[in-house]
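See below for the structure under consideration.
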Amino acid sequence: MKPKLMYQELKVPVEEPAGELPMNEIEAWKAAEKKARWVLLVLILAVVGFGALMTQLFLWEYGDLHLFGPNQHPAPCYDPCEAVLVESIPEGLEFPNATTSNPSTSQAWLGLLAGAHSSLDIASFYWTLTNNDTHTQEPSAQQGEEVLQQLQALAPRGVKVRIAVSKPNGPLADLQSLLQSGAQVRMVDMQKLTHGVLHTKFWVVDQTHFYLGSANMDWRSLTQVKELGVVMYNCSCLARDLTKIFEAYWFLGQAGSSIPSTWPRPFDTRYNQETPMEICLNGTPALAYLASAPPPLCPGGRTPDLKALLSVVDNARSFIYIAVMNYLPTMEFSHPRRFWPAIDDGLRRAAYERGVKVRLLISCWGHSEPSMRSFLLSLAALRDNHTHSDIQVKLFVVPADEAQARIPYARVNHNKYMVTERTTYIGTSNWSGSYFTETAGTSLLVTQNGHGGLRSQLEAVFLRDWESPYSHNLDTSADSVGNACRLL
């Protein structure tokens with residue numbers, strides 16, 4: 001039932017007609033209105049500018065991974081990045097007909113140390129830079145000892161030095177001397193965290209330049225072991241992203257630390273396989289990103305190293321050239337034994353399904369795992385005129401005279417890289433399962449078109465080594481290379 005309401009008419013007062021305003025009041029009113037509009041515009045611009053500034057500060061501090069959708073890409077990097085391949089060529093190893101020559105690792109390291117102004121972060125496996133560390137009296141240790149001396153001089157001149165190192169079982173003298181000089185050192189117990197080691201090898205200088213490659217902090221890595229790496233100069237975008245990987249190690253080096261189930265957002269990255277960084281590299285457009293292993297050490301946005309490696313293999317259409325010390329489709333350190341065919345399957349598929357030319361240059365020395373030979377023979381057996389599969393395998397043997405042969409754990413090709421017609425992959429891991437699932441490692445991936453870039457330089461290094469007298473087919477007589485190789 002609708003209630004009965006009493007309505008009363010609302011009386012609106014009748015306004016008296018307004019008279020015309022004088023001209024001076026009209027002009028004053030217009031001026032005030034114009035001023036108010038300008039004030040409003042300035043306020044709007046101030047609010048927008050403040051919002052943009054706060055957003056930029058937020059991204060700088062916390063990363064902007066979650067602000068980008070799946071089809072959106074981060075802004076390109078405008079740094080004039082310069083990449084230089086660097087190598088350690090063991091004493092006595094010569095390439096007389098080579099047309100390519102790269103700076104030495106020791107030259108690159110000393111140059112980075114001389115140019116450091118504010119900070120140096122080093123991720124490392126172990127430290128043996130002096131003869132005392134290896135109980136030797138080798139003149140060739142001088143380069144490593146000079147590197148250590150220059151490192152000791154950094155903190156006293158105001159450079160902040162941080163070193164993340166795998167919890168050591170070996171010599172500590174170098175690290176103790178660096179601590180005394182003012183460096184900070186944290187030991188990462190990867191055995192406790194993932195049942196592996198910290199196998200990474202990189203430097204970041206002033207968050208602007210960096211080295212990444214196969215060389216350990218070992219005098220032998222400068223003069224008695226064949227190494228390859230890359231130095232990036234004036235590339236702060238990539239250097240800051242590599243620093244995020246270092247910060248993860250630094251975090252895990254704290255007492256009682258554990259791997260977070262979800263990494264805090266400051267460790268996240270926006271650069272990965274799906275959204276690589278757009279850079280100008282040696283004057284040429286390129287796409288680049290950094291990958292990391294094992295997966296638990298990959299915060300938001302970081303591509304795992306194995307996924308990155310397999311993407312290079314899967315996207316190759318012409319050739320895949322690989323140079324690594326160890327190649328095993330197994331969990332190398334697993335008990336009981338476990339087969340691990342992830343990379344092996346990718347290479348076979350590339351050769352058989354797409355007709356990609358595959359070349360593997362594997363190291364052979366006195367410490368090679370004998371079971372590698374069977375797996376390498378299996379790969380090489382795919383080369384067949386009927387299937388048109390083209391896989392070839394060679395063993396690289398670094399020769400040694402009597403004195404060199406006495407140097408422990410030396411005279412080996414320690415490279416860890418891959419190059420295709422499109423992409424450069426430079427890593428720090430050997431190619432067996434445990435290195436990608438348990439051990440900490442890092443890789444740099446660069447895609448670049450044209451000739452003369454980093455990719456073509458690395459291809460030239462591979463072909464130089466492949467065609468050299470130090471590379472041997474699997475059916476080579478063991479007598480022809482002496483007893484330095486366990487796989488012949």
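Note that Cβ sites are derived from N, Cα and C of the backbone, with glycine treated the same way.
Sequence annotations record features per position, and here Swiss-Prot assigns topological domain 'Cytoplasmic' to 1-38 based on similarity to another entry.
What Swiss-Prot records for 39-59 is transmembrane segment.
According to Swiss-Prot, the feature topological domain 'Lumenal' maps to 60-488, an assignment based on similarity to another entry.
Summarising the annotation, Swiss-Prot assigns disulfide bond to C77-C237 (among others). The local packing around C77 (disulfide bond), expressed as other Cβ atoms within 10 Å of its Cβ over all shown chains, amounts to 20. Under the three-state DSSP scheme, C77 (disulfide bond) falls in the coil class.
Under the DSSP three-state reduction, C235 (disulfide bond) is assigned to coil, being neither helix nor strand. Taking Cβ-Cβ distances under 8 Å and a sequence gap of 6 or more within the same chain, the neighbours of C235 (disulfide bond) are C77, D79, C81, E82, A83, T208, H209, F210, I279. Among the features that Swiss-Prot reports, disulfide bond is placed at C81-C235 (among others), with the record citing similarity to another entry.
According to Swiss-Prot, the N-linked glycosylation site annotation covers N97 (among others). In the three-state DSSP scheme, N97 (N-linked glycosylation site) falls into the coil class.
The N-linked glycosylation site annotation in Swiss-Prot covers N132 (among others), and the record cites similarity to another entry as its basis. The Cβ neighbour count for N132 (N-linked glycosylation site), using a 10 Å radius and every protein chain shown, is 14.
If you look up Swiss-Prot, you'll see H199 marked as active site, proton donor, on the strength of sequence analysis. Counting every protein chain shown, 25 other Cβ atoms lie within 10 Å of the Cβ of H199 (active site, proton donor).
For N234 (N-linked glycosylation site), the same-chain residues 6+ apart in sequence whose C-beta sits under 8 angstroms from its C-beta are D79, P80, C81, E82, T208, H209. The feature N-linked glycosylation site is assigned by Swiss-Prot to N234 (among others).
Over all protein chains present, the Cβ of N282 (N-linked glycosylation site) has 16 other Cβ atoms lying within 10 Å. Swiss-Prot lists N282 (among others) with the feature N-linked glycosylation site.
All protein chains included, C485 (disulfide bond) registers 20 other Cβ atoms within 10 Å of its own Cβ. C485 (disulfide bond) falls outside any helix or strand according to DSSP and counts as coil. Summarising the annotation, Swiss-Prot assigns disulfide bond to C364-C485 (among others) and lists similarity to another entry as the type of evidence.
The Cβ of N385 (N-linked glycosylation site) lies under 8 Å from the Cβ of no residue that is in the same chain and 6 or more residues away along the sequence. As annotated by Swiss-Prot, N-linked glycosylation site applies to N385 (among others).
Annotated active site, nucleophile per Swiss-Prot: H414, in sequence order, evidence recorded as similarity to another entry. Annotation note: H414 (active site, nucleophile) sits in a coil segment as assigned by DSSP. Its own atom aside, the Cβ of H414 (active site, nucleophile) has 27 Cβ atoms within 10 angstroms in the protein chains shown.
For C485 (disulfide bond), the nearest neighbour among the listed recorded positions (N97, C237, N282), judged by C-alpha distance, is N97.
A separation of roughly 26 Å, to the nearest angstrom, links the Cα atoms of H414 (active site, nucleophile) and N282 (N-linked glycosylation site). Taking the C-alpha positions, the distance from C364 (disulfide bond) to N282 (N-linked glycosylation site) comes to 34 Å.
Distance noted between the C-alpha atoms of H199 (active site, proton donor) and N282 (N-linked glycosylation site) is 29 Å. In this structure the C-alpha atoms belonging to N282 (N-linked glycosylation site) and N132 (N-linked glycosylation site) are separated by 40 Å. C364 (disulfide bond): 28 other CB atoms within 10 A of its CB, across all protein chains. Per-residue confidence over the topological domain 'Lumenal' (60-488) averages 94 (mean pLDDT, predicted model).
Compared over the disulfide-bonded residues C81, C237, the count of CB atoms lying within 10 A of a residue's CB peaks at C81.
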